[in-house]
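Colleague: Dumping the structure here so I can ask a few things about it.
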Amino acid sequence: MTINSNHLPEQANIRHPITVGEALQNWAKQIDRLEARWMLQSVLAVDAAFLVAHADRELSPDEAARYRQMLARRAAGEPVAYLTGERGFYDLILKVTPDVLIPRPETELLVETALSSIAPDRCSRVLDLGTGSGAIAITIAKHRPLAQVTAIDLSSRALAVARANAQAQAVDNVTFVQGDWYANLVAGEKFDVIVANPPYIAEGDPHLAQGDLRFEPNLALVAKHNGWDCIRQIITHAEAYLHRDGWLLLEHGYDQASACRELLEKSGFVSIFSRTDLAGIERVSGGQCGSFSTAECL
Ligand code: GLN
């Protein structure tokens, strides 16, 4: 979004007191209405219903200054989730910082797919590779309290955010591990489901210079070999970490579904599928640890 920050009220012109209604209508003309509400909710530490019910509530000078600063930073391009420090994902509100990718609605499809392959009445073992904010691991753990989830990330700063999210959600069935994909798993550890939303954007892709992506960690977005490096590593090594009939489920780029299915097939997976997101784009692909490789998949 490009916004002319000249349209924002100058500190010197602020007439105190200003009300909630004015803060939303007069100050945030250049900002998406929903985003302006999220920012004001964050400053006032209230929910959406409060703003509707208390349009006449006056902002203190400190609240007005903090809200104005958020509007200015948003106008300069910073993602609203980093400004408010949170983002809704599936049925949770998660803490996010610039150390983690902002959870996306399309990733809810991966969670939904994983949940449908994890029986609620069994102690399944689930592995989330590149957990970031912990969005996928924590949502699965919350909905499958009997499951034991291992969540891995290379970034210790991302893991700090993920741990804080698990604690805030009172989830105690996720174990966090720092590591490079499978490298730091205990030898011989096997899982029923492996999920991943790995980096899959090619270096130099023009999208990286647009919108929220400009502010997100490159480590979570960009993969070598034209966006394929991480997906390839995850698929080609997955079999050693999956129980027989275990599932590997991946989010990928808008144009990577068919090559992903091919890679799954070459790596011995069966029952290979792709699912489309709400925009009609094939966004999640997966497969089951094949029966021909029974010896390795016990
Ligand atoms: N889906 C994200 C985007 O294109 C990228 C996330 C990722 O690389 N895993 O904005």
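Including glycine, each Cβ sits where the backbone N, Cα and C put it.
So TrEMBL has the following annotated:
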BINDING   G130, T131, G132, S133, G134, D153, W181, N197  S-adenosyl-L-methionine binding site
BINDING   N197, P198, P199, Y200  substrate binding site
DOMAIN    30-85  domain 'Release factor glutamine methyltransferase N-terminal'
DOMAIN    108-204  domain 'Methyltransferase small'
Colleague: Over the domain 'Methyltransferase small' (108-204), work out the mean pLDDT and round it to an integer.
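Modeller: Looking only at the domain 'Methyltransferase small' (108-204), pLDDT averages out to 97.
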Colleague: Select, from T131, D153, W181, N197, P199, each of the binding-site residues with a Cβ positioned under 6 A from at least one atom of ligand 1; if none does, say none.
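Modeller: Only N197, P199 qualify.
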Colleague: Around the substrate site recorded as N197, P198, P199, Y200, what other same-chain residues have a C-beta within 8 angstroms of the site's C-beta center?
Modeller: G130, A196, I201, A220, L221, A223, C230, I231, L250, E251, H252
Colleague: Write down the Cα-Cα distance for P198 (substrate binding site) and G134 (S-adenosyl-L-methionine binding site), rounded and given in Å.
Modeller: 13
Colleague: DSSP on the domain 'Methyltransferase small' (108-204): how many residues come out helix, how many strand, how many coil?
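Modeller: Going through the domain 'Methyltransferase small' (108-204) residue by residue, I get 31 helix, 24 strand, 42 coil.
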Colleague: When the Cα of G130 (S-adenosyl-L-methionine binding site) is compared with the Cα of each of the binding-site residues P198, P199, Y200, which one is closest?
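Modeller: Nearest in space to G130 (S-adenosyl-L-methionine binding site), counting only the binding-site residues, is P198.
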Colleague: Of all the binding-site residues here, G134, P198, P199, which one's CB has the most other CB atoms within 10 A?
Modeller: G134
